């Protein structure tokens, strides 16, 4: 089977990278890892269109133990997006490695292991006994890749992504154990299901746990994009999107609370992007924004919302890789990706176009596939949870504004870069499927969305109107870029220092909203409050214990005196 062969190739390459890490063949190992990921992608594609049901090895209650099997057609695009984005990201990282570099083979080994863990999580049922194993392996590989890239966590503090991974593994293990102990055809309790969903949110770095992503803002751009933008969200959000149709619908209140957390968390992530101080943070915050929208869609018990959740996960995967490519090009050609108001010396027009398309993908503009997901979600919310539309639209507008400083930095410079390899080719290849599916959404219907259990009879897309609008917007943008290149009558550019507008001040003014996406401060305050209450209770118990002890001693003395008096 193609999936099994892909898993074996990724694991074999990871072992080779670990064994040969000290040899001076890091680039070759990186290209070998890229090849293994590409072969795994081919294996996923060539699997049968209608795979046979996996034969369980044995069953534990209602949980069947099965080996990795071809992914269902409705979910195969998630695995394809994972491996397609992973292949392009690994290739970009491999091309950035100096030919004679030594000691970085371990990094590619951990990245291959992380991709294998994510692929395993999609190739097994979401409530499988192997699910906690794949999650634990992914968390370990993610942290090890971060260390191998040269990032060291703060001393004396456990990294937040490791805490999130531990919570997620415990939560999903509890749900699987409960399902195994229940008799067949028995509805699980709501509390373990919600606990598992919260663990998956934390694992994916989705609101209100987007702070778990920020550890990767200090890593190389492509490493952060591959791990925090691709692997971990694919596992966590993929679990939510896949398991929700298999479980009974959540109670109305629980579903509304989860949807509200996603919508308001998306708004908080957009505000977090306003406060970003470099390009890597902007990419991570935009990914958290999209994760919040996916959570909102998955929590709504509506076919259109379920369709939107599937569509938006693919957009999230490829947005992370495209954003990582753009930021990596900025760091390489402009020496940094800081958003401190200073202009770069070299303009990157191609990277600017790629970033514009990536930002449109993150915010649901009619330039890419995510537009349809946003539209379906808003249509579902109009009948289910109408007030959640406002924070989603606000999140889209603020997220778009948060991407403008990076766009202006790409397009503004004293000179213009003449060479756009490899970011132009890799970024264009990454975003091409999203743009094509955005203009012609019917391409995604016969081999993907129509196979979903909740899919409507026909694709809910207007046949002519919106593709023409998207084409008109894209044509206008292309014409403006072409006109921008020909400026014979323009005065020469000023050689003075230009200033790039930033939004950090506005973001600081709205930092209260950012807590909806990154609840670390609230959790710290809650933990301190619990410690204080526990300390007060302990003090009270000590006082009462001493008082009771003294009372007992006095009673004993009185009894002795009475006996002596008699």
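Quick reminder: no glycine exception, Cβ is built from N, Cα and C everywhere.
The transmembrane segment annotation in TrEMBL covers 29-46, 104-124, 130-150, 162-183, 189-209, 221-241, 253-275, 282-300, 306-331, 343-365, 385-412, 548-565 (among others).
Long-range neighbours of the transmembrane segment (385-412) within the same chain, counting only residues 6 or more positions beyond its ends whose Cβ lies under 8 Å from a Cβ of the stretch, are 256, 259-260, 263-264, 266-267, 269-271, 273-274, 276, 279, 282, 285-286, 289, 292-293, 296, 300, 326-327, 330, 334, 337, 339, 343-344, 347-349, 351-352, 355-356, 358-360, 362-365, 374, 377-378, 498, 500-503, 507. Beyond the ends of the transmembrane segment (282-300), by six or more residues, the same chain brings 201, 204-207, 210, 213-214, 216-217, 221, 224-225, 228-229, 233, 237, 240-241, 244, 250, 255-256, 258-270, 272-273, 276, 306, 308-309, 312-313, 315-316, 319-320, 323-324, 327, 339, 358-359, 362-364, 370, 373-374, 376-377, 380-381, 384-385, 388, 392, 395, 399, 402-403, 406, 517 to within a C-beta distance below 8 angstroms of the stretch. Pairs of Cβ atoms less than 8 Å apart link the transmembrane segment (253-275) most often to 189-209, out of 130-150, 162-183, 189-209, 221-241, 343-365. Same-chain residues lying 6 or more positions outside the transmembrane segment (130-150) and placing a CB less than 8 Å from one of its CB atoms are 65, 104, 106-107, 110-111, 113-114, 116-118, 120-121, 124, 159, 161-162, 164-166, 168-169, 172-173, 176, 203, 215-216, 219-220, 223, 226-228, 231-232, 235, 239.
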